[in-house]
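Data first, discussion second: the structure below is written as structure tokens.
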Amino acid sequence: LLSCLLFAAINRHQRGPYMDEAFHVPQAQAYCHGRFLQWDPMITTLPGLYLVSVGAVKPAAWLFGWTGSVVCSAGMLRFINLLFSAGNFYLLYLLLFKIHQKNKAVSGFQRILSTLTLAMFPTLYFFTFLYYTDPGSVFFTLFAYLMCLYGNHKTSALLGFCGFMFRQTNIVWTVFCAGNVVAEKLNEAWKTELQKKKDEKISSRKGSFSDLIRILQFLIEYLITPKNLVILTALTWPYIILVTVFFVFVFINGGIVVGDRSSHEACLHFPQLFYFLSFTVFFSFPHLLTPTKIRKFLLSLRKHPVQYSLIAVISLFLIWKFTYVHKYLLADNRHYTFYVWRKVFQRHDLVKYVLVPVYIFAGWSFADTLKSKSIFWILMYFVCLLAVTVPQKLLEFRYFILPFLIYRLNIPFPSLYRQLLELAFYIVVNAVTFYLFLNRTFQWPNSDEIQRFMW
């Protein structure tokens, strides 16, 4: 009900297409009129959103007798994302239930509360009300993940294909689903290995650096054994087929991006990982930024000064050599990233280096909350996280939605107090975001169009 009221307010204030909707809405309308060969070269994603929209709107128009401009209007198309948002709410609940099913201490109320919080995650919730690819992309990716956890791998791969049709980078989350299966098998084999050696010092959880080396050796040995490869291939073949289709697409298309490639060039933008970690600490501060966590981090710092010094030197080098600033980031003052960059990073050339201790704490705290997962799951998730963030030149908070949600789904259930604090924080952030979008409009000197602030 709240979302519907907000949806009505946004459509009343912004009737026509806004920002990227200027490309998405006309393209969907062309599909609505049966012009499936028409394509706007400025669009960089595949036509999943438009196909689903036409598949939903056309039968509804026939059923309710809608005609004329109301069919496939901007408001009608935006409503598709409101439906995806309701689907995301349900999927988040089912995923929380499945992932934490062994935790009997979690009440049904806590599950609902966590679901509500994640469904209102500000960056995702905002795009529920505009005709963007994000809600649909999240829906199909979460659905694929849920099916993977239930062992329905063919269905998961099919849903992964739908997610890929919304955004090409979602192929990484298909690999993540396959990785879940592989990590489970590796964990079983590792436990058997430990049983054989009866070595209590090594565990399947995060341990010392020498333990990590031994785990990596085991990983390599396991994956080069033909018998193990056959077993893993038999388990993950639907995902392998989809990844093969992806590589064929990239070969035929000449790249991952369709349409305008000039503004979406892949590069090794390692600081994106640091931005993601900072973004995660900001939105999960009730879990990651606690006095206990800070004390544990300082203790870890005192115990392992050499390791942390090495991490700091590597981080400084990556920031020095691999920081890229996209032209959109500097030019478009409608996005929050424009102000983050101007107010923080452009204050002084040294700011980006001074933030390294913050990044190290964010990374440690991030990893610490995942320690309940097996080391193989953590390695697999980290590889997917690198694959989905590092190649992006543009700093765009929307790109962090899926890695954040998957991280947040997999951390242990926090206390009721922390859950309520997180939900209250999200409500405040959403309220401020929608207030700015609706009421703090402005105009550019060379344009009559009304401009609005957004993620």
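Residue numbering: from 1, along the chain as shown.
The backbone N, Cα and C atoms fix where each Cβ goes, glycine too.
Straight from TrEMBL, the features:
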- 43-64: transmembrane segment (TRANSMEM)
- 76-97: transmembrane segment (TRANSMEM)
- 109-132: transmembrane segment (TRANSMEM)
- 138-166: transmembrane segment (TRANSMEM)
- 229-252: transmembrane segment (TRANSMEM)
- 272-289: transmembrane segment (TRANSMEM)
- 310-330: transmembrane segment (TRANSMEM)
- 350-367: transmembrane segment (TRANSMEM)
- 374-391: transmembrane segment (TRANSMEM)
- 420-438: transmembrane segment (TRANSMEM)
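Contact between the transmembrane segment (350-367) and the transmembrane segment (272-289) holds: at least three of their C-beta pairs are under 8 Å, each pair 6 or more apart in sequence. Relative to the transmembrane segment (420-438), the listed stretch 109-132 leads the set 43-64, 109-132, 138-166, 374-391 in CB pairs under 8 A. Within the same chain, residues 23-24, 27-28, 31-32, 70-72, 76-77, 80, 83, 131, 133, 136, 140, 162-168, 257-261, 264 sit at least 6 positions outside the transmembrane segment (43-64) and bring their C-beta atoms closer than 8 Å to a C-beta of that stretch.
Packing against the transmembrane segment (76-97) from elsewhere in the chain are residues 3-4, 7, 10-11, 24-25, 28, 49, 52-53, 56-57, 70, 111-112, 114-116, 118-119, 124-125, 127-132, 134-136, 138-139, 142-143, 145-146, 149, 405, 409: each is 6 or more residues past its ends and has a CB under 8 Å from a CB in it. Through the fold, the transmembrane segment (138-166) approaches residues 45-49, 51, 84, 87-88, 91-92, 94-95, 98-99, 124, 173-174, 176-177, 180-181, 235-236, 238-239, 241-242, 245-246, 401-402, 405-406 of its own chain, all at least 6 residues removed from its boundaries and within a Cβ separation under 8 Å.
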